[in-house]
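Marked as transmembrane segment by Swiss-Prot: 13-33, 41-61, 80-100, 160-180, 204-224, 228-248, 265-285. The Fe(2+) binding site annotation in Swiss-Prot covers ASN153, GLU156, ASN182, GLU185, GLU214 and rests on sequence analysis. Under the heading Zn(2+) binding site, Swiss-Prot lists GLU156, HIS181, GLU185, citing sequence analysis as support.
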Amino acid sequence: MKGGDNMNNVLMAFLLTLLAGLATGIGSCIAFFAKKTNKKFLCVSLGFSAGVMIYVSMIEMFQTAKESLVGVMGIKAGNWITVISFFAGIAIIALIDKFVPEEENPHEVRSVEEVENEIEEYKGENKEGKADIKDKTLMRTGIVTALAIAIHNFPEGLATFVSALEGASLAIPITIAIAIHNIPEGISVSVPIFYATGDKKKAFLYSFLSGMSEPIGAIIGYTLLRNIFNDITLGILLSAVAGIMVFISLDELLPTARKYGEHHLAIYGLIAGMVVMAVSLLLFI
């Protein structure tokens with residue numbers, strides 16, 4: 001591990017994980033002040049995030065994991081454990097995705113207009129219902145969404161943290177990529193709560209708290225693993241994190257990017273993300 005025992009690296013890793021989590025609060029602010037989503041920008045940004053995650057996962061993290069494991073366990077065992085860990089990471093995030101309630105699934109990224117339209121449709125369908133019942137239901141939707149996103153963000157926090165321990169060349173682009181994809185999640189939390197309560201501060205608070213599961217995930221992961229952190233642990237974690245990020249990219253970011261813009265815009269964003277990640281890694285050789 002490159003300076004893994006260096007406390008400065010650990011502090012930087014926590015800071016970057018915290019910044020990625022805070023992006024849900026940015027999404028909340030956008031929901032309050034933006035009446036229309038720039039869908040082309042959203043499309044390119046999500047494609048960019050996917051490009052960063054896929055490139056760094058397959059080119060850097062997987063290879064680093066394999067080197068760590070092969071160096072300790074030998075070629076055959078090291079390669080097998082690397083591959084098993086990669087698909088274990090995919091399985092973990094897929095299970096979390098499966099058991100999150102479908103209607104509050106954070107993978108279904110929505111624009112400001114979509115969330116507001118859904119709420120207006122809901123109110124229209126329930127005109128005869130009492131206002132307090134409708135508001136309570138909207139409040140519940142926002143809270144359940146916040147909890148769903150918090151659960152989903154937990155392994156992402158560990159992913160950001162582990163990548164940050166490997167150095168700035170990995171950490172900064174991944175932090176930016178995860179932050180970009182956290183912004184629409186903040187919108188999904190804050191809009192229903194704001195419509196239910198009329199309180200921007202409360203809506204922002206719930207959005208903010210849902211994002212804090214990322215640094216919490218990092219803290220818990222580091223606390224549990226710090227005493228057994230070695231080349232084997234590092235290799236398994238890096239490979240699993242690579243699997244998590246590939247799944248997020250293919251299951252969430254790319255489909256959503258294509259949904260909100262032209263197919264080619266998503267691909268251009270994807271390629272740009274890969275180029276930025278490649279240059280970032282080359283600069284730190």
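The chain as shown is numbered from 1 upward.
Using N, Cα and C of the backbone, Cβ positions are placed for all residues, glycine too.
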Are the transmembrane segment (265-285) and the transmembrane segment (13-33) near each other by the rule of at least 3 C-beta pairs under 8 angstroms (pairs 6 or more apart)? no
Within 10 A of the CB of HIS181 (Zn(2+) binding site), the number of other CB atoms across every chain shown is 26
Taking the transmembrane segment (265-285) as reference, the highest number of CB pairs under 8 angstroms among 41-61, 80-100, 160-180, 204-224, 228-248 goes to 41-61
Cβ contacts within 10 Å for ASN153 (Fe(2+) binding site), all chains included, total 28
Among 80-100, 160-180, 204-224, 228-248, the most Cβ pairs under 8 Å with the transmembrane segment (41-61) come from 160-180
CA pair GLU156 (Fe(2+) binding site) / HIS181 (Zn(2+) binding site), Å rounded to integer, equals 11
Expressed in Å to no decimal places, the gap between the Cα atoms of HIS181 (Zn(2+) binding site) and ASN153 (Fe(2+) binding site) is 11
For ASN182 (Fe(2+) binding site), the same-chain residues 6+ apart in sequence with C-beta under 8 angstroms from its C-beta are ALA20, GLY21, ALA23, THR24, ILE26, GLY27, ASN153, GLY211, GLU214
DSSP says ASN182 (Fe(2+) binding site), in three-state terms, is helix
The correct three-state DSSP answer for ASN153 (Fe(2+) binding site) is helix
For GLU156 (Fe(2+) binding site), the number of neighbouring Cβ atoms whose distance to its own Cβ is within 10 Å equals 26
